[in-house]
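For reference, TrEMBL has these:
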ACT_SITE  Lys29  active site
ACT_SITE  Asp156  active site
BINDING   Pro114, Leu115, Ala116, Gly117, Gly118, Leu119, Ala120, Gly121, Gly122, Ser123, Ala124  ATP binding site
COMPBIAS  1-15  compositional bias 'Basic and acidic residues'
DOMAIN    86-164  domain 'GHMP kinase N-terminal'
DOMAIN    224-298  domain 'GHMP kinase C-terminal'
REGION    1-22  region 'Disordered'
Amino acid sequence: MTEAWRPDGEDEQQRRGASGPVKVRVPAKVNLHLGVGPLRRDGYHELNTVYHAISIHDELTARRGDTLTLTMEGEGAGELALDDSNLVIRAAHALAGYAGVLPHARLHLRKQIPLAGGLAGGSADAAAALVACDALWGTGLSRDELAGIAADLGSDVPFLIHGGTALGTGRGEAVSPVLARPTSWHWVVAIADGGLSTPAAYRELDRLRAAGAATAPLGSTDGLLAALRQRDPRVLAAALGNDLQDAALAMRPSLTATLKAGEAAGALAGIVSGSGPTCVFLAVDDADAGRIAAELEAVRVCRQARVAHGPVAGARIV
Ligand code: ATP
């Protein structure tokens with residue numbers, strides 16, 4: 001047993017950590033390029049992706065407590081289990097185990113990122129829990145140490161610690177920032193009714209590829225990275241791509257109408273976000289995005305259409 005696990009370890013932890021609540025905001029992600037390579041021996045696919053953090057946020061508040069508890073409100077409340085299966089609880093345990101402290105906190109999640117929407121909401125919440133509990137417990141880990149713990153929790157979690165726009169390789173957990181001059185891109189995010197399972201989308205892609213029914217793999221991110229550097233939304237629009245889109249459309253054929261409606265409304269391009277069913281559309285500017293969102297809601301091709309911009313910061317204390 002380490003020293004931190006003795007009763008006086010808790011006293012020391014109380015002195016080191018924050019006394020008041022710690023509130024962390026964390027963004028959703030979209031993949032501007034999601035290249036899916038072959039299935040690896042460990043069951044993951046090799047990915048070649050460009051992550052992009054957008055301004056739809058979940059918020060996690062951490063307070064001192066005698067045990068570890070989680071409550072929530074917003075998207076998915078009443079549907080999402082709040083027990084040890086929740087990524088927030090898993091992240092808190094992982095950090096406590098790594099730092100040798102007691103996993104005691106009262107956590108409250110305000111969720112705006114839809115469940116199983118292809119926007120990495122669960123991964124975002126795990127990233128928020130790592131940053132919030134690190135401050136609450138005074139464990140003082142570096143962003144890189146937190147990203148190391150994050151990688152064991154899920155492939156997208158390290159990116160959501162960093163935010164911005166970044167290249168993801170391996171199974172997506174190896175993240176390196178894309179250094180581009182600051183440009184804000186304007187998005188419309190069409191949120192669907194219900195979610196899609198990410199593992200099921202990868203299985204469907206494998207099935208389509210085996211049957212020769214998938215579009216050719218995207219391959220390298222070079223074209224997308226070059227397009228980002230040009231800072232012209234029309235150029236970026238032409239470079240967006242997602243290898244999982246065929247699978248998402250096969251599993252949810254109504255998304256074809258959503259994509260068509262966005263383009264008819266004047267979006268520069270539309271793609272399925274990650275494993276779907278959320279679709280994202282690139283607009284020229286914020287006003288254009290607002291107009292496209294209103295039109296998507298008017299033609300009822302989604303549950304809700306939201307305007308967002310990116311890139312934004314990763315999990316941050318507010
Ligand atoms: P990704 O894009 O990373 O594949 P997603 O956006 O499609 O993810 P998430 O909302 O991250 O999907 O959730 C996927 C599954 O993770 C959910 O169906 C749920 O069972 C589980 N999960 C565990 N904890 C959470 C959480 N805090 N928020 C959302 N989902 C969670």
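Cβ from N, Cα, C; glycine included.
This view paints the features noted in TrEMBL onto the structure.
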| residue | record | contacts (Cβ under 8 Å, 6+ apart) |
| --- | --- | --- |
| Lys29 | active site | Tyr51, His52, Ala53, Ile54, Leu119, Ala120, Ser123, Ala124, Asp156, Phe159, Leu160, Gly274 |
| Pro114 | ATP binding site | Glu75, Gly76, Gly121, Ile191, Ala192, Gly195, Thr278 |
| Ala116 | ATP binding site | Gly194, Gly195, Leu196, Ser197, Thr198 |
| Gly118 | ATP binding site | Leu196, Thr198, Ala248, Val272, Ser273, Gly274, Ser275, Gly276, Pro277, Thr278 |
| Gly122 | ATP binding site | Leu87, Leu115, Gly154 |
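Look at the domain 'GHMP kinase C-terminal' (224-298): DSSP puts its residues at 44 helix, 11 strand, 20 coil. The local packing around Ala120 (ATP binding site), expressed as other Cβ atoms within 10 Å of its Cβ over all shown chains, amounts to 30. Asp156 (active site): 28 other CB atoms within 10 A of its CB, across all protein chains.
The Cβ of Ala124 (ATP binding site) has 31 neighbouring Cβ atoms from other residues within 10 Å, across all protein chains displayed. Residue counts of the domain 'GHMP kinase N-terminal' (86-164) by helix, strand and coil are 47 helix, 8 strand, 24 coil (DSSP-based).
Taking a Cβ distance under 6 Å to any atom of ligand 1 as the criterion, the recorded positions Ala116, Ala120, Gly122, Ala124, Asp156 reduce to Ala116, Ala120, Gly122, Asp156.
Surrounding the centroid of the Cβ atoms of Pro114, Leu115, Ala116, Gly117, Gly118, Leu119, Ala120, Gly121, Gly122, Ser123, Ala124, where the record places ATP, the chain contributes additional residues within 8 Å, namely Ala28, Ile113, Gly195.
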